[in-house]
């Protein structure tokens, strides 16, 4: 009685996805969605599912989070992440963290092991050590592609703004069989950003928000624009006013575009288990699993559907 059908939705970042990276991005969001759904299917919690999905994408060099993160002006990886539990509005976040593989795990520990919600830079580093999180050399997170792009952006006639078009963040939202919702978001930020720059991802209400009373959202896109309109919370506000996830997402993205000229994307699930993946950029890789069906796409209007069994079989090949 009163058991929800679990749903997970993931995104691998909004922006421009170059042709040669499309397959990898599609495969990466599909894998993350299947892993998160696996948790839910076994009766696991929404919070465990979103953490699992995001960790899967942090470990995938196709995405700007964890391994594969873009580099700051000094050529280093600095990452931000957030996680939030819709049951009691508990949240944990980290910003400007270096030398760890999975910032989302650290964010979860901040939520569960401290009285705080956000730890940054050196303090986050000390906390990670105290929690026994293995430190890895910063170079381990740097891909050839990130280094190439960083060099290109250093050239005197370069326009880093141009390169921000394929920025990304990774994120997940879920509702579990008990009707609890959760969100998680993780990113390497903007290419060639100032040292210490923190975007929307680590900010509650901007990079993500989850509340059992309405639903959960995770965002991606131009961080400074997202922060100006507190995008994730704005979407939930629209759903509280009675909008469907899709209309709420489009309304909020439209407002961000007209008000501050910002582009982005969002994934949303409401408390009834209805979901949406919407974006104002050219592309956003996304995937969702509901009723044992996998849906995924990258371009506006693109939607592939497979049964979970079929998708899992091709994963194993």
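Cβ atoms here come from the backbone N, Cα and C positions, even for glycine.
From a predicted model like this one, the values you see are computed outputs, not experimental measurements.
Feature annotations, reproduced from TrEMBL:
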| type | residues | note |
| --- | --- | --- |
| ACT_SITE | 169 | active site, nucleophile |
| BINDING | 197, 198, 199, 200, 220, 221, 222, 223 | substrate binding site |
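Annotated features taken from TrEMBL, shown on the structure.
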{"residue": "169", "record": "active site, nucleophile", "CB count, 10 Å": "34"}
{"residue": "197", "record": "substrate binding site", "CB count, 10 Å": "17"}
{"residue": "198", "record": "substrate binding site", "CB count, 10 Å": "20"}
{"residue": "199", "record": "substrate binding site", "CB count, 10 Å": "24"}
{"residue": "200", "record": "substrate binding site", "CB count, 10 Å": "30"}
{"residue": "220", "record": "substrate binding site", "CB count, 10 Å": "32"}
{"residue": "221", "record": "substrate binding site", "CB count, 10 Å": "28"}
{"residue": "222", "record": "substrate binding site", "CB count, 10 Å": "23"}
{"residue": "223", "record": "substrate binding site", "CB count, 10 Å": "29"}
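Residue annotation for substrate gives 197, 198, 199, 200, 220, 221, 222, 223. The furthest Cα pair among them is separated by 16 Å. Residue 169 (active site, nucleophile) is 15 Å away from residue 197 (substrate binding site) when you measure Cα to Cα.
A distance of 10 Å separates the Cα atom of residue 222 (substrate binding site) from that of residue 169 (active site, nucleophile).
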